[in-house]
Ligand code: DX5
Ligand code: ZN
C-alpha cells in the first residue's frame, strides 16, 4: 500500500448482498471502488452483529484493492492476530473501545497491518495528539456506528478540519465513515479527508446481475468533489 492523498471511495459491504460477498466485491471493484471497507460488529461495542475473521479470510481472495477492516468491537486486542491473518491491509480500532488504545495500535502494526484509529461522533481530537506517530489512518465517524443508511452528522466537518491541521505533513489518511453521498462528500473532501466510506450510496439501485449503478454511484460521489 503506497500513501497518497487522492480521494478514494471505499464501499462498505454492509450494504452488499450478504449471500454473495465475493461477487459483490468483484462487481464493485470492477465499477471503480478504490478500497473495500469491511464493518465488523460485535453486538456489544455497537448494537449490531456482522461477521468475524473467517468471513474476512474468505472474501480476501476476491479483493484486488485494499481490505480496510473497521473493528467495532471491544475488546480488540485478543482478535488482532486473527484479522491480520485473515488478510486485513488496514485494521482500525476505536479510541473508545478500551483504556489501552496505544497498546492496541502497537499490536496492529506489530501484526503487519496499517493501523487505523476510529473516533465516534462524540469524541474530540485531543486524545489523538499522542497517538499520531502510531497511526496510518484516522477514521472520523459521521454517524454513530452500528448501522448503514444513517444521516450524516454535520458537526464532524469542523472536527476533520482541526484533525487535518493537527496531522500536518504526516502520512496519515483521514477516512470518513457514515452518511457519505454526493451532497456530503464535497464537505469532507474540502475539510481534508481522502478516504470516503460509502455503503448505501454506492450499492443502491445495483446488484451483481446489474452492477452498472455501482459505477454510476461511485462516479457521482467523485464528480461532486471534482
Ligand atoms: C456504520 C459503518 C459504516 C456504514 C456506512 O457503523 O461503520 O461503514 O456501513 O454506511 P452508509 O454509507 O450507508 O452510512
Ligand atoms: Zn465502517
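Don't overthink the numbers, they just go from 1 along the chain as shown.
Cβ atoms are placed via backbone N, Cα and C, with glycine included.
Whatever TrEMBL says is automated annotation, not expert-curated.
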Next item on the list: Please state which member of 70, 94, 154 TrEMBL lists alongside 37, 39, 177 for binding divalent metal cation.
Entry: 70
Margin query: Per TrEMBL, which of 6, 12 sits in the substrate site along with 70, 146, 147, 148, 149, 177, 178, 179, 199, 200?
Written below: 12
Notebook entry, point to check: How big is the Cα-to-Cα gap, in Å, between residue 37 (divalent metal cation binding site) and residue 12 (substrate binding site)?
Noted result: 5
Notebook entry, point to check: So what sits near residue 148 (substrate binding site) in its own chain, CB-to-CB under 8 Å and at least six residues off in sequence?
Noted result: 12, 14, 15, 39, 199, 200
Checklist line | Lowest local Cβ density among 146, 179, which the record lists as binding-site residues, within 10 Å | finding: 146
